[in-house]
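Pulled from TrEMBL:
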BINDING   26-31, D50, 58-61, K74, 97-98, 119-124  ATP binding site
COMPBIAS  650-660  compositional bias 'Basic and acidic residues'
CROSSLNK  K166  SUMO1 cross-link
CROSSLNK  K192  SUMO cross-link
CROSSLNK  K238  SUMO1 cross-link
CROSSLNK  K259  SUMO cross-link
CROSSLNK  K420  SUMO1 cross-link
CROSSLNK  K623  SUMO cross-link
DOMAIN    549-630  domain 'SUMO-activating enzyme subunit 2 C-terminal'
Amino acid sequence: MAAALSGPLRPELAQAVSQARVLVVGAGGIGCELLKNLVLTGFSSIYVIDLDTIDVSNLNRQFLFQKKHVGRSKSQVAKESVLQFCPEANIIAYHDSIMNPDYNVEFFRQFTLVMNALDNRAARNHVNRMCLAADIPLIESGTAGYLGQVTVIKKGVTECYECQPKPTQKTFPGCTIRNTPSEPIHCIVWAKYLFNQLFGEEDADQEVSPDRADPEAAWEPAEAEARALASNEDGEIKRVSTKEWAKSTGYDPVKLFTKLFKDDIRYLLTMDKLWRKRKPPVPLDWAEVQKQEENTSDKQNESSAVLKDQQVLNVRSYADLFSKSVKTLSLHLAKKADGEALIWDKDDPSAMDFVTSAANLRMHVFGMSMKSRFDIKSMAGNIIPAIATTNAVIAGLIVLEGLKILSGKIDQCRTIFLNKQPNPRKKLLVPCALDPPNPNCYVCASKPEVTVKLNTHKVTVLTLQDKILKEKFAMVAPDVQIDDGKGTILISSEEGETEANNHRKLSDFGIRNGTRLQADDFLQDYTLLINVLHSEDLGKDVEFEVVGDAPERIGPKPSEPTSRNISNGSDDGAQPSTSTAPEQDDVVIVDSEDEGTSSNADDAENKSRKRKLEKGCECAGAKRSRAEQEQDDLMIVESEDEGASSGLGEENRSHKRKLEEKGCECVGAKSVC
């Protein structure tokens, strides 16, 4: 097959193709198309890695998989399927995370090309660094519904994946989630937190009980305490951790319902100042709710044409669903070994029932219109409709860019955007010249260096390790020493070696304004110098800022928003794998207008960009019309299992701004770079 199809290629290129060793990272939507294209083009030595397993929802577009493969390794099945129509190909499959230390720089150096088909920023960052360290060309790609992008990354020649900062997702203060939700997404995040508090891995940063430390609720403590005691009389609930209390009741659904939707709400009502300019919540009583008729749908849902998951039920039905899901999940938890927990998965019916019912009950309490299971699943799991045609187009472009590299013509490589509509030149595919490396990039610069503003008296060593080095700077196993002339080791990647330092403040080690830290990740062959800028006047909930970036709010992984700062349901950067379970064919939610997604700052920014475009770029009109099309309620921007990272929308806007400043015609496209 490879020999038969090598005819259109020049003999020297055909030989380079047949001898090339290619690594494909990700075997989802783009990955399946890419593997097919590679073998049919004549590539005969292909390595593919993916940690994910096949789900029924993959079958509509990931054509290498069939129903009989559900539950099996994506990479292994993809290999088997490709070999059926190209048996002479040599394909090595790994069911593993690309971030496993086994796949070190030496592993990457054996390849001629690396092609990314990933679904999260953490893995993308890692592969970017490994390819830079190994000096191997990387072809990055992503899809977003009808939109897509392919770009080439080569050390010293082009920008790397991290040359331009990626804005963080929209966040919400923890007190908003716990005390004053005003949008459905607040209630959905709360419900996902509740799942973890009851059945998952308990996290103090994901508390769901009322936040008594809310600075907005400056009520009289003595009076409020009396009211709180009164509010607890019926339920006789002491304010202990949610999980401990739930265990003590044997996960009794009625008692849980009473605590969450009656007692906690009555407690919130004692915080007088919260409700002076807001509509106060209305507690729910289990007995009263049970008097309602069951399964009463809204009038518009009475049509048989409405799918079950798209119906909005009444409070009684959601209360019953809550009770049923609690019983089911508690049984699942009981089957686990001691210390093990359940993991929330959007494809687990019981877990989805729980989040749907809990979120809707909370929406009702706070006077919001309830949402269908379909809508909640879209927001909670960030499910993005996947379009097979987009994947096919992008996979083809990846191979074309690969052929340019193998021809020794990297100067002819382009960033190529696939648009939803033709631009003024009537093109759907728009090429753009590759940008040179950013000399200030903290990854690919000759001596990466960054300045971090933080309060050394408040930030702990553990925060430095987990939130700054691992999450912000995407290190996998950092070692940190203080540049104090003594080489004091602050953090060691060797397990347990510096664990005693974790909860100590940075100032305890003499770290102050002007201190320099050297952070090394030996797996990534990456060293970063960090200049500490001490500050005691950072904004609320902002624990550190990277100078030159937007303020960085410390929070848990974006897929599990924190109680302090809540990510809008995004998984990006949260999972250290090529594709993890629960499956990541979910990306980012572009909120609807009626949920307040457009800020004045965004409007001003758009106007400014529009002026730049109108001066020197014919795509201004196309970009404008595109923005108008994307205002659908809860428009979902799609990322395949291989697709764009979570936070896609913000990343696209960041990349567009860079292009617009250059007057490039490809600003009409939406970038996932």
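Note that Cβ sites are derived from N, Cα and C of the backbone, with glycine treated the same way.
Averaged across the domain 'SUMO-activating enzyme subunit 2 C-terminal' (549-630), pLDDT for the predicted model comes to 36. Taking Cα separation as the measure, N120 (ATP binding site) is nearest to K192 of the recorded sites K192, K259, K420.
Distance from the CA of K192 (SUMO cross-link) to the CA of D50 (ATP binding site) is 26 Å. Remark: of the recorded sites K192, K259, K420, the most isolated position is K420 (fewest other Cβ atoms within 10 Å of its Cβ). Ranked by how many other Cβ atoms sit within 10 Å of their Cβ, the binding-site residues G26, G29 place G29 at the bottom. K420 (SUMO1 cross-link) is 24 Å away from G26 (ATP binding site) when you measure Cα to Cα. Cα of N60 (ATP binding site) to Cα of K420 (SUMO1 cross-link): a distance of 21 Å. The Cα of S97 (ATP binding site) lies closest to that of K192, out of the recorded sites K192, K259, K420.
Most buried of the binding-site residues N60, S97, N120, judged by other Cβ atoms within 10 Å, is N120. Comparing the Cα of K420 (SUMO1 cross-link) with the Cα of every entry in G29, A123, K192, K259, these being the recorded positions, the smallest distance points to G29. Checking the recorded positions (G29, A123, K259) against K192 (SUMO cross-link) with a 10 Å Cα-Cα cut-off leaves nothing.
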